[in-house]
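The structure appears below as structure tokens.
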Amino acid sequence: MPSRGNDFGRALAKLLGINVDYRQEPDRHEYATLLPDNVEPYFEDEPTVKEYLLQFKPTRAGAARYIKDLFPFWNWIFHYNLQWLTGDIIAGVTVGFVVVPQGMAYALLAKLSPEYGLYTSFVGFLLYWAFATSKDITIGTVAVMSTIVGNIVIKVQDKHPDIPAEQVARGLSLISGAILLFIGLIRAGWIVEFIPLVAITSFMTGAAFSIAVGQVPAMMGISGINTREATYKVLINTLKKLGSSKVDAALGLSALFLLYFIRWVCNTMSERQPHRKKMWFFLSTLRMAFIILLYTMISWLSNRDISNAKEAKFKILGTVPRGFQHAGVPHIDSRLISAFSSELPAAIIVLLIEHIAISKSFGRINNYTIDPSQELVALGFTNVFGPFLGGYPATGSFSRTAIKSKAGVRTPLAGIFTAVLVLLALYALTSVFFYIPMASLAGLIIHAVGDLITPPDVVYRFYRISPLEVVIFFAGVLVTVFTNIENGIYTAIAASAAVLLFRHARAKGLVLGHVEVHYLTDDADFATSARQQQRHQHQHPQDPPNPDSSSAEAIDHLSTPTTTASSSSPIDLTTTPYTTSAYIPLSTSPSAHNPTLFPPTPPHPGVLIYRLTDTLTYANQSSYLSSLTAFIFAHTRPARGTTHYARPGDRPWNDPGPRRGEAAVVEDDVRPVLRAVVLDFGAVAEVDVTGVQGLVDVRAQVERAAVRNAKRREEQQAVSTVHVEAAGKEE
């Protein structure tokens with residue numbers, strides 16, 4: 001019997017004109033009379049508000065899993081072995097030789113003294129491993145973020161000249177880190193998906209060009225140029241004063257040339273000598289440290305008798321304090337927060353997208369999946385704790401991450417060994433840093449940011465996929481060049497959002513028409529029936545095509561070869577039993593009612609059909625493709641023939657196996673080998689560059705799970721190439 005509260009609620013709803021009976025179960029018998037006898041209707045009940053909210057009710061198991069997920073190292077640290085240690089030491093030391101000169105150079109972009117770059121790098125490498133879901137990413141100083149910090153420092157000091165630059169940088173790091181940490185703790189890392197690939201490449205290209213132009217005066221020894229003006233003004237003023245270049249130009253230009261020359265030689269030799277590819281890679285990686293040491297030696301030979309950097313024959317770095325001289329609690333007041341609050345969104349966006357984009361990219365390359373929310377926890381904690389040792393905002397570095405990946409890193413613990421190298425530099429090499437030429441550091445910065453510029457062939461691929469997004473790309477670059485980096489970021493993101501909304505608002509439907517489908521078959525009865533149907537259409541063109549005649553027979557013939565019918569006796573679909581094939585979702589809600597069709601089965605072992613239910617754009621591609629790859633790896637096995645490893649160190653860090661002391665459970669994997677992935681794009685009306693790039697990444701990732709098929713394709717491509725070359729020679 002309904003309660004009084006329920007009666008009162010229904011009466012109130014009726015008074016307000018609300019229909020509360022819409023959830024009543026439909027008359028299934030009414031629907032059943034409209035369908036063939038062997039097909040039952042499909043119904044799915046909508047969840048109530050209470051049922052929906054109960055899905056988010058916290059549980060003890062969920063809370064324990066949440067705490068465990070905050071410290072991912074717990075899953076692999078107990079499996080650590082000597083083989084992993086060797087790979088981590090090599091990768092960590094290799095990155096250390098790169099991060100020391102880069103850290104000092106990038107600190108100058110932030111309008112800070114060079115030791116702050118070393119502080120920032122040390123904290124990033126020391127803390128990240130405990131929260132990491134990526135073994136490759138390196139957190140530290142980066143060119144774009146350092147430039148934004150420098151811009152914020154100048155703007156704050158224009159309002160409050162008494163606030164020192166390091167106080168601004170440390171306060172910015174603490175506030176932005178706290179915001180990132182909060183976003184990560186509430187597991188809202190999905191917001192990164194609303195920043196598309198085109199927007200990222202746009203402002204990165206514009207920022208790289210702006211940074212490079214801003215370093216030309218320092219590389220050439222030209223003074224009196226305000227490098228904080230718009231990029232085009234800096235370029236024009238530099239060209240005007242090019243004749244006033246000093247001896248610094250010889251050091252800067254030659255250093256820049258040698259950096260590119262050494263890289264070209266190493267890349268060329270690695271192609272000619274594949275068996276020594278690893279050696280040439282390490283030589284190429286050490287080129288920055290080698291150039292800095294070389295020009296430091298030249299500077300020492302020229303200025304060894306001086307004690308003041310201003311007395312040098314060319315600009316040098318000067319005194320670098322030994323150790324952590326600036327460690328302490330950062331001072332933050334209301335004046336400081338209000339001064340940089342308007343610049344805070346741009347800083348947070350750069351911290352977010354640089355780190356997540358890089359970690360995702362290398363996760364796909366090295367066959368593991370990152371957790372964006374957990375990465376934000378790691379990034380936020382690093383930036384919150386960093387200011388206490390003197391650090392400023394840090395994020396993921398593309399160049400150092402690529403080096404670390406190629407160096408053979410095995411686990412996130414490699415950052416500890418890089419931190420040790422940075423610590424040694426802070427305590428043992430500060431007297432050497434005194435003689436580093438500023439022009440050589442400027443050349444190093446130009447060389448480093450050059451890799452951030454998007455190549456023309458990539459822009460052309462953007463154009464082939466989505467021409468409108470190329471307009472956004474150039475708009476972001478031009479706004480960055482003619483105003484500043486912050487405006488370029490806002491322009492690219494806002495334009496991408498506007499295009500996304502426009503596409504959804506202006507979606508177009510298509511009017512469908514009738515078409516005759518001709519089947520080629522050896523069935524004489526089917527051919528005779530088809531000819532009779534065609535003759536009838538010519539004699540009676542005004543009659544509509546009979547759906548129960550040849551077309552129905554064709555459907556029945558193709559779907560169930562064992563069921564036959566005479567050509568003179570058309571099939572009645574409403575009375576004659578027949579079977580047909582349909583593809584429905586494998587996973588359904590518990591409220592589904594369709595006993596005839598459920599449970600569905602896969603179409604073929606190792607074959608996966610995946611339906612996209614909406615457009616494929618930057619806003620939803622991660623959700624689509626993450627669920628696709630998760631299903632693939634959960635329901636198929638690798639095609640390598642075995643999943644066992646000869647040594648514990650051969651295992652990847654994200655699949656460490658049983659803990660020490662626990663017996664390994666060896667069972668035959670009954671899952672099928674991945675053979676094909678069929679994408680149903682029937683409901684996809686639009687794709688953009690980010691969506692296509694996601695498909696490319698997923699294809700590369702799943703092909704590793706089907707190695708035999710990949711090898712077979714490579715062999716076929718090789719044979720096709722040989723045939724094409726032979727045909728070309730014959731012509």
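Just so it is clear, glycine is given a Cβ too, placed from its N, Cα and C backbone atoms.
Range annotated as transmembrane segment by TrEMBL, chosen from 168-188, 336-356: 168-188. Within the same chain, residues 70-73, 92, 99-100, 102-108, 110, 137-141, 146, 166, 169, 324, 326, 374, 377-378, 381-382, 385-386, 389-394, 411-416, 418-419, 422-423, 425-426 sit at least 6 positions outside the transmembrane segment (116-131) and bring their C-beta atoms closer than 8 Å to a C-beta of that stretch. At the 8 Å Cβ threshold, with sequence separation of at least 6, the transmembrane segment (137-156) comes into contact with the transmembrane segment (194-213) through 3 or more pairs.
Most Cβ pairs under 8 Å to the transmembrane segment (194-213), among the stretches 89-109, 280-301, 407-426, 462-482, belong to 462-482.
Long-range contacts of the transmembrane segment (407-426) within the same chain, counting only residues at least 6 positions beyond its ends with a Cβ under 8 Å from a Cβ of the stretch, are 73, 76-77, 80, 83-84, 87-97, 99-100, 103, 115, 118-119, 121-122, 124-126, 128-129, 132, 134-136, 138-139, 281-282, 285, 322-324, 649, 653.
For the transmembrane segment (280-301), same-chain residues at least 6 beyond its ends with a Cβ under 8 Å from one of its own Cβ atoms are 94, 97-98, 100-102, 251, 255, 258-259, 262-263, 266-267, 269-270, 273, 312, 314, 316, 403, 406-407, 432-433, 435-437, 440-441, 443-444, 447-448. Beyond the transmembrane segment (462-482), the same-chain residues lying 6 or more positions past its ends with a Cβ under 8 Å from any Cβ of the stretch are 196, 198-199, 201-203, 205-207, 209-210, 230-232, 454, 488-489, 491-492, 495-496, 499, 687-689, 692.
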